[in-house]
Amino acid sequence: MGFLKLIEIENFKSYKGRQIIGPFQRFTAIIGPNGSGKSNLMDAISFVLGEKTSNLRVKTLRDLIHGAPVGKPAANRAFVSMVYSEEGAEDRTFARVIVGGSSEYKINNKVVQLHEYSEELEKLGILIKARNFLVFQGAVESIAMKNPKERTALFEEISRSGELAQEYDKRKKEMVKAEEDTQFNYHRKKNIAAERKEAKQEKEEADRYQRLKDEVVRAQVQLQLFKLYHNEVEIEKLNKELASKNKEIEKDKKRMDKVEDELKEKKKELGKMMREQQQIEKEIKEKDSELNQKRPQYIKAKENTSHKIKKLEAAKKSLQNAQKHYKKRKGDMDELEKEMLSVEKARQEFEERMEEESQSQGRDLTLEENQVKKYHRLKEEASKRAATLAQELEKFNRDQKADQDRLDLEERKKVETEAKIKQKLREIEENQKRIEKLEEYITTSKQSLEEQKKLEGELTEEVEMAKRRIDEINKELNQVMEQLGDARIDRQESSRQQRKAEIMESIKRLYPGSVYGRLIDLCQPTQKKYQIAVTKVLGKNMDAIIVDSEKTGRDCIQYIKEQRGEPETFLPLDYLEVKPTDEKLRELKGAKLVIDVIRYEPPHIKKALQYACGNALVCDNVEDARRIAFGGHQRHKTVALDGTLFQKSGVISGGASDLKAKARRWDEKAVDKLKEKKERLTEELKEQMKAKRKEAELRQVQSQAHGLQMRLKYSQSDLEQTKTRHLALNLQEKSKLESELANFGPRINDIKRIIQSREREMKDLKEKMNQVEDEVFEEFCREIGVRNIREFEEEKVKRQNEIAKKRLEFENQKTRLGIQLDFEKNQLKEDQDKVHMWEQTVKKDENEIEKLKKEEQRHMKIIDETMAQLQDLKNQHLAKKSEVNDKNHEMEEIRKKLGGANKEMTHLQKEVTAIETKLEQKRSDRHNLLQACKMQDIKLPLSKGTMDDISQEEGSSQGEDSVSGSQRISSIYAREALIEIDYGDLCEDLKDAQAEEEIKQEMNTLQQKLNEQQSVLQRIAAPNMKAMEKLESVRDKFQETSDEFEAARKRAKKAKQAFEQIKKERFDRFNACFESVATNIDEIYKALSRNSSAQAFLGPENPEEPYLDGINYNCVAPGKRFRPMDNLSGGEKTVAALALLFAIHSYKPAPFFVLDEIDAALDNTNIGKVANYIKEQSTCNFQAIVISLKEEFYTKAESLIGVYPEQGDCVISKVLTFDLTKYPDANPNPNEQ
């Protein structure tokens, strides 16, 4: 049997660089402290054996490279190789390399694919998927805690039967589905057999029904022939009467034409005058608008001039203040220059005096060379004797110099502070002047602002009042327009409606008595509930304009085109062709004629209303409307109260979403008064709009007031800032500087006292040093003729010090005056720049004021000219209005003449209308009868034409499409008039009936007979007339279903066979593993327990298909009774889990077994038993590589591999190997030592 010989690792996890681990003995233990990298060694073995990355405790392959988890990878690659040794064969090397983000596999240094790599390992008994070669840390406890289902999953994984689970489920579903299909086709076949029997019975019933139906058809033909015959007789009679009346009307028309021509000429003249009047009104509006635009420009120009004048006054004051300040600053600078000249003069006089004194000195203490040498020697000797005193004096000198520097610094600071106080006083003076100037500007601005606010208030009140009134007018106009027009129309629609109303008023004024108005304005539903229904029936004709004649209609159309108005529909009363109202329809229950629920005024517009409504019926609900429309022998046009319309042709249209809004237009009352009110409100709106146009002037004033207010606000803010910030800050800084200046005196005095005190101490030291010098220089002083050596030394130095001190005083004075002079020069330049700037500002403002005054005069002149032009236009408008009124009076007289002639014509037209109505009704009746015959498939005997010549369009739908609809219906009637019916089949007795009562009686008799036959037919349940076709269809379906059933049965058999095959293969795999483990587990458990009384056994919950349910595992510990696995102690559970683990390994065992801390949960007794068992098995069955932390365990091994950590950026694992075979097991129980 082969074994794992060596492991070579390079940069894998905690193993940095290349390390060779091994050789591995048959029983090798891996030891080391926690965190040293023991488990990483097990991960390396798992890695080289093809384990997935997710099981190696990392997310990506790159994380396996040493240092990668902390962002410092040791290299860009890592590898692990394994040397596998087998008796009688050459060693083989298996390697896995991390290159980039992927793995590379090698066998004996040859790169191979993963599947080849896996196959070679499987040949050695190493199953990568089953992981039969290793046990991870904690796996023993996990196995001990598994429930039966989890144990089944473990066996599925080991036996690889789980690989077939997906295919097993798929085949099972296919088998179940095939069986269901078979069952379904069986029931379907059974049902179709029943249908075949039923179809035979239906065919017999259909034959009997057809015979009765033929008898009914013959009765229907007889009834329809009777109705049509008498209808044609009546139509011929009415046509003769109508021709006579039309001749009389033609004569009256010629008389009216002459009057109409005269009226037309007057209308043209009036139209021209009104256009001229409108043009003048347009020009007045334009001039008024122009004037409103010019006024704000004039106001703005005037305001700009006023503002610039105020600005100039402020600039002049600023110039005066700047000049005054400049003169004062110039005087201060002159004083400083005089003082500077005075100091320079005093310095020169001092220098001249010193020069004279130097020349006038007689005595000169000059030593000979030997005396100089002697002086230096004696000086050195004196220094040595007084060294201690000299050092002490030197220390005093250093301290004295430091204090003198402090004194000079304080005095310099005092001078600077005095200069700063002087500067602050000047700044305070400037602040106070600025405050005075700002207060003066604020007072002036407030006065201007009050004036602007007053003007703004007046304009605001005027504009707001105009706005409020405009809102009120608009609300009233909206209410009027809502009543006059559609409630949902938007502003554009309101404007459009207003335009249409204006045109309507114009044509009524131009054609009085000829133009009656819109249909909606001339009629009203009798009750509110009929509003929607009437709206639906009238449709587009609601807004149609009713005129007396076609000629008037064409004149109106021409006028509308000239005015560029929208297209309108006209209904000329002399042109419309209407059918008479069918009186029988008034007898129908649950329905009323639409024309009967409408009130109309004047009466002579009835023809237009008849044209729009036809014989339409209104019903309370949709069900009644549908029943009446299609339920009887004759179809009718009906409408429900909710607006649902049923056409004779079968078309049904529901109530549109805007139908209710349109229907609300019927609620308007006193339309004429509302129109007058609308005109009045429109005129008032124009006047108020003129006032509202002052809003531009108001905005200009508001803008100026806002600008002035903002300037005032900024000035007040500047004043407040100057007072509370600049002035207060300067005063505060001045006080602070004065306080500092007051503190300089005591500090300077303190320093002077310290210096004076130290001078006394230095004087005492000096006297002691002088005593030493006097002793040393006593003889030398006698030689040169001085009292002491200091007299000789000071004679030269004293004079020089006095001169230097005086010169320093002069330099300090010059420096101080120079600094002040430079400061004053800079301030003087700033003052001079301010004077220049204000001079330029004054000059610029004066030029701008001159320009602004000219601009103001120009605007005033334009306003005066515009006002004059406006007044001239108003005068023209009044004159033109008077001319229009005169022309209207002339036209009124002509219209009166035309009205008289029109009355005579109206009387004749009424008679014609009555005849035409009856004639139209008869034609409509004939059309409806023919249409009903065609719809009901009643074959009439025709001598000319065919049934296809009968139109299916509705005969009474004239109201739907205005004049074009009327022409269409007339063409239908004309086409149907060409159809000649053969009345040969009609009994002569029926033809001879003349009186209306006699005709009605005969018709009722025929109808009653037909009703009885239809009643018999209706009592018979309508059979399936296609029974024969159904019978043939059912026979075909039966054969088809039989074939499908047989095919489904074969598919089910095939699916079952496929399922049984995969089921057997899965069972064989699982059972082979299970039987092997179940056979070996008892023996292994006895060996682990070291007791033959121990028992372990496995049992499947489902013996037929064990992989579908759990596997029970029970053990009886030595010397104990049977207890469930959960009741075993921790050690007993671990031993039982190990027994199961080793038993599973015995099925297709791998050549080596890697275990990670399997002894973790074992006590000392069980550790020894498990270690001995592994040791025994490693000699013959498998190689064991165990990670352990317990000495009782790893001392049983043949070799040890020690892992220890080294610290770096991350843990670095190092390895030691130790061969225990060289050391016999002298103490098998280490605990006794």
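Cβ coordinates come from backbone N, Cα and C, glycine included.
Under the heading ATP binding site, Swiss-Prot lists Gly32, Pro33, Asn34, Gly35, Ser36, Gly37, Lys38, Ser39. Within 10 Å of the C-beta of Gly35 (ATP binding site) there are 12 other C-beta atoms, taking all protein chains into account.
For the coiled coil (104-124), the residues of the chain that approach it from at least six positions outside its boundaries are 2, 49-50, 81, 84, 92-98, 1150-1151, judged by C-beta separation under 8 angstroms. Per Swiss-Prot, coiled coil is recorded for 104-124 (among others).
The coiled coil annotation in Swiss-Prot covers 163-503 (among others).
As annotated by Swiss-Prot, coiled coil applies to 660-935 (among others).
Summarising the annotation, Swiss-Prot assigns coiled coil to 991-1068 (among others). Mean predicted confidence for the coiled coil (991-1068): the pLDDT average there is 80.
Counting same-chain residues at least six beyond the ends of the compositional bias 'Basic and acidic residues' (284-293), those with a Cβ under 8 angstroms from any Cβ of the stretch are 690, 693-694, 696-697, 863, 866-867, 869-870, 873-874, 877. According to Swiss-Prot, the feature compositional bias 'Basic and acidic residues' maps to 284-293.
According to Swiss-Prot, the feature compositional bias 'Low complexity' maps to 953-966.
Annotation source Swiss-Prot lists domain 'SMC hinge' at 515-629. Residue counts for the domain 'SMC hinge' (515-629) under DSSP (helix as H, G, I; strand as E, B; rest coil) come to 61 helix, 22 strand, 32 coil.
What Swiss-Prot records for Lys648 (among others) is N6-acetyllysine, and it gives a large-scale study or a structure entry as the kind of evidence. Just so you know, the Cβ of Lys648 (N6-acetyllysine) picks up 25 other Cβ atoms within 10 Å once every protein chain is counted. When secondary structure is read from DSSP and collapsed to three states, Lys648 (N6-acetyllysine) falls in the coil class.
Positions annotated as N6-acetyllysine by Swiss-Prot: Lys713 (among others). Here Lys713 (N6-acetyllysine) comes close to no residue that lies at least six apart in sequence on the same chain with a C-beta under 8 angstroms from its C-beta.
The Cβ of Lys1037 (N6-acetyllysine) lies under 8 Å from the Cβ of Ile192, Glu195, each of these being in the same chain and 6 or more residues away along the sequence. Marked as N6-acetyllysine by Swiss-Prot on the basis of similarity to another entry: Lys1037 (among others).
According to Swiss-Prot, the region 'Disordered' annotation covers 284-308 (among others).
For 348-369 (among others), the entry in Swiss-Prot reads region 'Disordered'.
The feature region 'Disordered' is assigned by Swiss-Prot to 947-966 (among others).
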Using DSSP, how many residues in the compositional bias 'Basic and acidic residues' (284-293) fall into helix, strand and coil? 10 helix, 0 strand, 0 coil
Distance [Cα-Cα, Å, rounded] between Asn34 (ATP binding site) and Lys648 (N6-acetyllysine): 98
Whole-Å Cα distance, Pro33 (ATP binding site) to Lys648 (N6-acetyllysine), is 102
Would you mind reading off the Cα separation of Lys38 (ATP binding site) from Lys648 (N6-acetyllysine), to the nearest angstrom? 97
Rounding to whole Å, the Cα atoms of Ser36 (ATP binding site) and Lys648 (N6-acetyllysine) are apart by 99
Cβ-Cβ distance under 8 Å to Ser39 (ATP binding site), same chain, at least six residues away: Gln137, Asp1156, Ile1187
Sparsest-packed among the binding-site residues, when each Cβ's other Cβ atoms within 10 Å are tallied, from Asn34, Ser36: Asn34
Local backbone state of Lys713 (N6-acetyllysine), from DSSP in three classes: helix
Rounded Cα distance, in Å, between Lys648 (N6-acetyllysine) and Gly37 (ATP binding site) is 96
Quick one, of the binding-site residues Gly32, Pro33, Gly37, which Cβ has the fewest other Cβ within 10 Å? Pro33
